[in-house]
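Under the heading transmembrane segment, TrEMBL lists 12-31, 85-106, 118-138, 158-174, 180-198, 210-231. Annotation comment: TrEMBL describes 284-311, 336-366 as domain '4Fe-4S ferredoxin-type'.
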Amino acid sequence: MPRIPYWNIDYGIIIDLLAIPVAIVFFYGLYRQWLLIKQGKMRVIPSIGNMIQGIGTFRLKAFLVRGILNARLYRKPASGIAHGFVFWGMVILFIGTNLVILNILFGLPVFSGGFNRWFMSFMLDLAGFLTLVGIVFFLVRRMIPPVRLRLPEARKGFVPVSGLLGLILITGFVTEGARIAAAAGSLEAGAFVGNFLASNLISPALALEIHAVTWWVHGLLSLGFVAYIPYSPLVHIVLAPVNVGFADPAPNVKMGVMDFSAFENEDAEELPALGANKLADFTRKRFLDFSSCLWCGRCQEVCPAYNTDKPLSPKGVIVTLADRLASGKLDESLIEGISMDAIFNCTTCAACMEACPVSINQPKTIMRFRQNLVMEQSRIPELMGKAVASLEQRAHPFFGTGSGAAEWRKDLDVPIFEPGQTEYLLWIGCSVAYEQRAQKIGRAMVRILQKAGTSFGILEESRCTGDPAKQMGNEFLFAEIAQQNIEDFSALGIKKIITLCPHCFNSFSRHYPKLGGEYEIIPHGSFIKILMDEKKLNLVRKDQLITYHDPCYLGRRNGIYDDPRTVIAGVGGLVEMPRHRNESFCCGGGGGNYWAEELGSRINQQRAGEAMETNADTIAVACPFCLLMLTDGLKKHTEETKIFDIAEIVAASMV
């Protein structure tokens, strides 16, 4: 039978009128969320110009692809598809409901005509059915949750709200079935669920009574559900897309550079916090991160620290902050509740951020705690403390090393950078200069550049970018080292830099520009590819199978995945590890953890074992820290030397 507004219902207009207070309650709930987020610090002084600039950082593509289309959710197909059923089903039902309202108010012929009526009825039934399927999936999952949902804490509220939505859908279908049953055998084209109920479960004799009751129940539950959204876990429907829109653009996982200018101002009434120890120290964007968290645990599932039995859970950190924010505890110390061990366990690999469906920046939050511990409280793990002290006193973090600064180039004729004559600075960095195994990277790269006829030179003295200090929380020291390097580069007229370490590349390309150091930075793997493309290297392709480990600071942090693989393909065959490219597993050395006394099992041993399972002849890396960590980790699996930097592999293939 045709859909007639308020058919079989007395005073049905009441439902429409109730929509007004429901809308008020809904938007008031969103306003309360804004009041929470508003308590965070402003990044800049409020002004019209800064407001326009802030709006300009909103990224529409990310908002649509990851925020609305939920692209990252589908990396786990089952939950992604179920979420798609629920989300898009609700969208279609919302549109359909509003079309019915337009029909009531303005006589819009939504359900008139043969095909139009069939299509609308079919789409609404299909949307409702798929939404119900998705809800059943999530209810079962909440009753038998995987570890990532259950630990360290499961979010309360999803089961009741899912049950409420399921009840709304069931009463909607029963209402439809009763309306069709009341037509005494005249089924409605397209309404396959309603037709089934009308034909099999609803007696025509009781149809009118059932319809009248379920119509009101369905309408009131629907209004209550809408009003409840901002006060329930489903508020992420609104907050998550906004958070994605304002997130740092991938792969630019920004950690920021701390501004110390206020400390030089004698008239400053209040000095900025060094890092964060309480919620009040975080910005509004971080508050939006905390409020948007789904507690899904995908970050935890990929975290190398968590997966090797260490105290850190990125989910646990964000959940703790979300709880404190919701309860308004902005001035209570947080670090002890999270634990110092957990804060320093983070390898800053950004796997958590890459996995997060709503683009929360967990590493930046953890680093803020680390900065506070180091700069405000002078607390740092012993070995990390020794590395920082060595960096301050000896200009490199490798305390106890027996290598001299020039030992890596012994017996090599390496040119020194000449202002106005040399095109590229080959930046050696501290690890290649002072760690014996890593020194072979520098020697191999020199051979490659000389073979290709590249105009390059090195600095007379070995330097560090300051990255280890930054990763271990000492922003003061990083800024001091970076400023000195920038001044020296300026005096030498350095414009182009080839790096051997992704950490150096990341510092030069991400952090130095904010301090006035603008250069053309090229990772050594990418430069080797350029030389290969220009036919400047004569290489012999060997019968060898090579697997490649993506360094976190080259891959996830800077989006460089293809260049090293192209280089490898030029000298041998490539076989991938199960976790590779943006899903690569960390070597364990990032975030200063190269100098840490590791808790739990060893990250490098787990990754080395994964590489061994490929049965590759050679394990290739493009980072000296990855080389050092995986060389050590491989000792658990074999005594054979199988790990080499791509520069070593290419140099060995030159003729």
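Glycine is treated like the rest: Cβ placed from N, Cα and C.
When Cβ-Cβ distances under 8 Å to the transmembrane segment (85-106) are tallied for each of 12-31, 118-138, 158-174, 210-231, the top count falls to 118-138.
When Cβ distances are compared across the two stretches, the transmembrane segment (118-138) makes contact with the transmembrane segment (158-174), since 3 or more pairs at least 6 residues apart fall below 8 angstroms. Below 8 A, the CB atoms of the transmembrane segment (12-31) and the transmembrane segment (210-231) form 3+ pairs separated by six or more positions in the chain. Sorting each residue of the domain '4Fe-4S ferredoxin-type' (336-366) by its DSSP state yields 19 helix, 0 strand, 12 coil. Per-residue pLDDT, averaged over the domain '4Fe-4S ferredoxin-type' (336-366), rounds to 93. With helix defined as DSSP H, G or I and strand as E or B, the domain '4Fe-4S ferredoxin-type' (284-311) counts 17 helix, 0 strand, 11 coil.
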